[in-house]
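> Taken from Swiss-Prot, the feature transmembrane segment applies to 37-57, 73-93, 121-141, 149-169, 191-211, 224-244.
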């Protein structure tokens, strides 16, 4: 009976055994393109122009009476956002494909038209539900706690319409893409660009408040709202078009040996 080398035998058994399963990589969160519609791009541009025009027109009223101006402007901004989302972006759960049908091929329907309106309504409600949480967050970052409560709450409602409403519309309640958006690891598109622009703009808008310029527009929360709107318009259009599909580059930390 021939001798069997135990080392060779163990090596053979390891090679012939089932391959060790590697952990599956996390699915990449895709960028959200505009829908394949002739109205998508014009509606996207028009919505930014309308927001900028509305804000410019109401700026003096915002400075004179922030609460009334923010309150009356809230339903108008919500309507502009809702129409833009339904015309330009796919609702959560619909196909992300922007492929045009070939000549003679019948365009397939993914139910986008049927999902757009209910998704827009539900996403709006979710965004407004998070307004108290944004209020608490702003207070933690230095907003007035016992005074200017309606000012802060209405400011947070506008931020929710700009930053959170579009994200819920295209991402839904799936925690994976939502974590990517909050963690700044999602690819740039109009919704993530608007989210990032609103947050950065509102943060930069807080810079002039403590300065001793004694200007009327420095009062709370005028500069915060100005920064949020400017950041949203620039972020959604610039990051959503010029840098579409790219990701925020984060330098990995050096691992300890």
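Heads up, the Cβ atoms here are built off N, Cα and C, so glycines get one too.
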> State, in range form, which of 37-57, 121-141, 149-169 has the highest count of Cβ pairs under 8 Å to the transmembrane segment (73-93).
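By the under-8 Å Cβ criterion, the transmembrane segment (73-93) pairs most with 37-57.
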> In the same chain, who gets a Cβ under 8 Å from the transmembrane segment (149-169) while lying at least 6 residues past its ends?
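Result: 66-67, 70-71, 73-74, 77-78, 81, 85, 89, 91-92, 119-120, 122-124, 126-128, 130-132, 134-135, 138-139, 143, 178, 181, 190-192, 194-195, 198-199, 202, 220-221, 224-225, 228-229, 232, 236.
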